[in-house]
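Here's the structure we're looking at; comments come further down.
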Amino acid sequence: MRDLITSPPPTTFKSLKATVGEFPALNGQSVAYAVLQYPNGTANPPHIHPRAAELLFLIDGTLQVGFVDTTNKLFTQTLQVGDMFIFPKGLVHFQYNPDERIFATAISSFGSANPGLESLPTTLFSTGIDYN
């Protein structure tokens with residue numbers, strides 16, 4: 001986590017995680033966390049954590065977040081500083097910083113020391129439509 005203090009802010013989405021892989025003291029503790037940094041207009045693309053739910057706490061900026069439930073219903077919300085959002089275990093979810101000026105930072109906690117991460121192909125949720 002020292003990278004948060006010693007490095008300049010990232011220019012792309014960045015996740016600094018503390019799971020059993022990075023911090024072996026978490027073995028058997030059923031907890032992990034990540035600090036998520038979202039420069040202007042960046043996203044944490046659709047993914048799942050197969051072994052844990054995720055509780056996200058927004059500490060700076062604005063985020064649009066959402067997940068798709070088991071009936072393919074999309075749940076979304078716009079978060080402001082101090083808001084929290086839960087992503088249920090094993091469901092596809094995402095976060096996006098829509099602000100063109102303000103950096104966003106969040107902390108996520110997980111109910112497993114090894115929540116896992118499976119990224120979805122970016123083409124799965126892409127329309128190919130040019131909105132310009």
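Glycine is treated like the rest: Cβ placed from N, Cα and C.
Fair warning: this is a prediction, and the values are worked out from it, not measured in the lab.
Here is what TrEMBL records for this protein:
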DOMAIN    2-126  domain 'Cupin type-1'
BINDING   Asn44, His49, Glu54  oxalate binding site
BINDING   His47, His49, Glu54, His93  Mn(2+) binding site
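Of all Cβ atoms in the protein chains displayed, 24 besides its own lie within 10 Å of the Cβ of Glu54 (oxalate binding site). Secondary structure of the domain 'Cupin type-1' (2-126) per DSSP, as helix, strand and coil residue counts: 12 helix, 54 strand, 59 coil. Close to His93 (Mn(2+) binding site) in the fold, though at least 6 residues off in sequence, lie Pro46, His47, Ile48, Glu54, Val65, Gly66, Phe67, Val68, Phe87, each with a CB less than 8 Å from its CB. Other residues of the chain with a Cβ within 8 Å of the Cβ centroid of Asn44, His49, Glu54, the oxalate site, are Ala34, His47, Ile48, Leu56, Phe87, His93, Ser108, Phe110, Pro115, Leu117. Comparing the binding-site residues His47, His49 on other C-beta atoms within 10 angstroms of each C-beta gives the minimum for His47. Mean pLDDT across the domain 'Cupin type-1' (2-126) comes to 94 in this model. Long-range neighbours of Asn44 (oxalate binding site) (same chain, six or more residues apart, CB within less than 8 Å of its CB): Phe13, Ser15, Leu36, Tyr38, Phe94, Gln95, Tyr96. Shown in sequence order, Ile48, Phe67, Phe87, Leu91, Val92, Pro115, Leu117 are the same-chain residues outside His47, His49, Glu54, His93 whose Cβ sits within 8 Å of the Cβ centre of the Mn(2+) site.
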